[in-house]
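**Student:** Structure in structure tokens, see below.
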Amino acid sequence: MKQDPPFFLIDLLKVFAALVIILHHLSSYGQIAEDARAFLPGVMNFLFEYGRYAVQIFLVMAGYLATQSLTRFANAKLSSQNLLRVIINRYLRLFAPYIVALVFTILCAWIARFWVNDEFVGEQETLGQFLAHLFFLQGILGLDSISAGVWYVAIDWQLYSVLAVLLISFSSYQALIWFISIIATASLLYFNRSNQYEAYFIYFIGSYSLGVLAYLGKNFADKKIQGLVKFVLIAIGVIIVISSWHQVWLRNFLAWFVAIALLVWGNTAYPSAGSVTHGLRVSLLRAIAWASPRSYCAFLIHFAFILLANTLYIASGIHTHESGLIAMGLMLGVVVCSAIAANYMYRWVEIPSAKLKI
């Protein structure tokens, strides 16, 4: 299948969101986080409190890209038989780098338990817990996550599967758009505000649906459908503003603004080589283009390096100095190691595993 050309905003958002999530977790776990917070309290507290909002960027992006993928199948008259194949293939695409990162994290946690006495390391993993993770059931079964962020992979698969079902369940895109707008609004205003739903797609489908609508409004061939989607997106934005009179939910605003950005600039290509002459700008664009396809692997693997960094910090006795500067240096090391490991995971695991299809 011919691959789509890279788009600048999409790549930028993927890299930015992955980096913010890594920094959020660095600000949240272990002695390194505590000492870094004492050194830079404002920055670290901001990352701890607001870094998690980058998940909304991931969700909107996921909805946008999933619609790009699934509408191809829908346009080819996706049958019920092929639907199951599409859903399983999505599972297989997520699975290979996911399981490699999971096993590596289990090994790192085993090492960390010799020196790190902290809740974030967790107890020894059980076979049932591991099997639940293999099938993305850990959240539904109420089990502890083996690694930070793996819950998102399970939710992504749920959301993708639901979207695939919806695309073959409606005879017209008008009906589909109205239905998606209703469940998106219900999720943003109700389900997303109750933790009892956070293991299920309905908790996250509000932001995801905004990405779905952004793609349809940007790329659908029928101009009437594009117009309907734009009206619906504006209406949802108005509803978000009105609902904020009672309580402000910043993540809803962030998700909506990301969707609007994709609606306007989602297909913007990278600046041409001739239009970019500044060396630093060229290097930055190349870095974004390089990091974007590796962002999923970096997202999966970084928690293992947080475990290792905290283990090194404590086992070596460096933590007794309570040096925020050393803690910040180790945080930088985690980011660098995550990028290096993600590069090899992408080349050796994710790319080859893309051939795993039924």
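Note that Cβ sites are derived from N, Cα and C of the backbone, with glycine treated the same way.
According to TrEMBL, the protein carries these features:
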- 10-340: domain 'Acyltransferase 3' (DOMAIN)
- 12-33: transmembrane segment (TRANSMEM)
- 53-74: transmembrane segment (TRANSMEM)
- 95-115: transmembrane segment (TRANSMEM)
- 135-155: transmembrane segment (TRANSMEM)
- 162-191: transmembrane segment (TRANSMEM)
- 197-216: transmembrane segment (TRANSMEM)
- 228-247: transmembrane segment (TRANSMEM)
- 253-276: transmembrane segment (TRANSMEM)
- 296-318: transmembrane segment (TRANSMEM)
- 324-346: transmembrane segment (TRANSMEM)
**Student:** Going through 12-33, 197-216, 253-276 one by one, which has the most CB pairs that fall under 8 Å from the transmembrane segment (53-74)?
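**Tutor:** Most Cβ pairs under 8 Å with the transmembrane segment (53-74) come from 197-216.
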**Student:** Among 162-191, 197-216, 253-276, 296-318, 324-346, which stretch has the highest count of C-beta pairs below 8 Å with the transmembrane segment (95-115)?
**Tutor:** 296-318
**Student:** Short question: which residues 6 or more past the ends of the transmembrane segment (12-33) have a Cβ under 8 Å from it?
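**Tutor:** Beyond its ends, the transmembrane segment (12-33) has Cβ neighbours at 44-45, 47-48, 51-52, 54-55, 57-58, 61, 116, 118, 120, 148-149, 258, 288, 291-292, 295-296, 298-299, 302-303, 306, 309-310, 313-314, 319, 327, 330-331, 334-335, 338.
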